[in-house]
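Chemist: Sharing a structure below in structure tokens format, with a few things to ask.
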Amino acid sequence: MIELHINGEAHRLPQPCTLGELLQRLDLQQRRVAAELNGWVIPRSQHGACVLADGDRLELVHAIGGG
Amino acid sequence: MNVATSPPDCLIVHGHIFTSRLLVGTGHYADLEQTRAAIEASGAEVVTFAVRRSNLGQDAAQPNLLEVIPPERYTLLPNTAGCYTAEDAVRTCLLARELLDGHDLVKLEVLGDPRTLYPDIGETLKAAERLVREGFQVMVYTSDDPLAARKLEDLGCVAIMPLGAPIGSGLGIRNPYNIGLIVENARVPVIVDAGVGTPSDATFAMELGCAGVLMNTAIAKARDPLLMAAAMRKAVQAGREGYLAGRMPRRSLGDASSPLGGLFY
């Protein structure tokens, strides 16, 4: 069991997984989102190789209306 | 030479060529369809948007903003609206670049006060310096201070975007003399960003010699956003042509347009 913060909220995952697997689980894989893990942007090409760890802080962002 | 035979009068921002001098935002619209239709009616080619946390419970079938402003059709301009520190603005730009697969044209804005939404120039300068170093092409929102504008240009910003009035206020161009000074000093495009409320405000900004106008609320919060978008398109064009045509000299007294000779009474 690992615990991490996704967009400021605590989430528990039964076992370690990659960022790519998490996005798939959250149904975000096909959507245009960008990921920042512990303050570092993770390029889309590395989502599959990026293993999430206990205590990670993950931000998932997208485009929204604004001026 | 008339307008039809003259060379096209384009807005050029760091090598990006645009025929429209109206740049628009995507906030405050009723829905994405209205956003799409208003942008289309405005004729804008540069469209700005914000970057926010994704809603994790979101229905995957729900439409996404980028679907109605496809990057193949529009030049997307991610902005750092809502940032109060240089650090947050830089983070936002780095995420936006990832979101848009390496696209590095951004609109930097670092606010200093939630009531007026005035820019914090100190933080804006810090952020601009870092972003230029990171390879971004920075279009920067700033106050109407000519010295701040000059410093931002010296740091390498590709467009200077002074406010006409506070963001979302619709108060128009409050300090035309300063906007004029900024235009006079600048070697990069000066684009009024924020404050425009009516088509005449947009025309006035263009008559001052600005290279363009960026607006959002003036269109989105109009009673009829699509009609206002079309009006703004014409207003910006009218102001530009008026600026190029050169205004008549001002006189303090009347000067009859009809000849004074040949009167028969």
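Note that Cβ sites are derived from N, Cα and C of the backbone, with glycine treated the same way.
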Chemist: Report the candidate from B:GLY168, B:GLY246, B:GLY254 that shares the 1-deoxy-D-xylulose 5-phosphate site with B:ALA194, B:GLY195, B:ASN216, B:THR217, as recorded in TrEMBL.
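Modeler: Candidate listed by TrEMBL for the same site: B:GLY168.
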Chemist: Give the maximum pairwise CA distance in Å, whole number, for the residues B:GLY168, B:ALA194, B:GLY195, B:ASN216, B:THR217 listed as binding 1-deoxy-D-xylulose 5-phosphate.
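Modeler: Farthest Cα pair among residues binding 1-deoxy-D-xylulose 5-phosphate: 9 Å.
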Chemist: My list of recorded positions is B:LYS107, B:GLY195, B:ASN216, B:THR217; which of them have a Cβ under 8 Å from any chain A Cβ, in sequence order?
Modeler: B:ASN216, B:THR217
Chemist: I'm trying to understand the geometry here, so how far is the Cα atom of B:ALA194 (1-deoxy-D-xylulose 5-phosphate binding site) from the Cα atom of B:LYS107 (active site, schiff-base intermediate with DXP), in Å to the nearest whole number?
Modeler: 13
Chemist: Sequence gap of 6 or more, Cβ distance under 8 Å: name the residues on the same chain that satisfy this around B:GLY168 (1-deoxy-D-xylulose 5-phosphate binding site), in order along the sequence.
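Modeler: Listed in sequence order, they are B:LEU117, B:ALA194, B:ASN216, B:THR217.
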Chemist: Can you tell me the CA-to-CA distance separating B:LYS107 (active site, schiff-base intermediate with DXP) and B:GLY195 (1-deoxy-D-xylulose 5-phosphate binding site), as a whole number of Å?
Modeler: 16
Chemist: Minimum Cβ neighbour count within 10 Å among the binding-site residues B:ASN216, B:THR217: which residue?
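Modeler: Lowest Cβ count within 10 Å among the binding-site residues (B:ASN216, B:THR217) is B:THR217.
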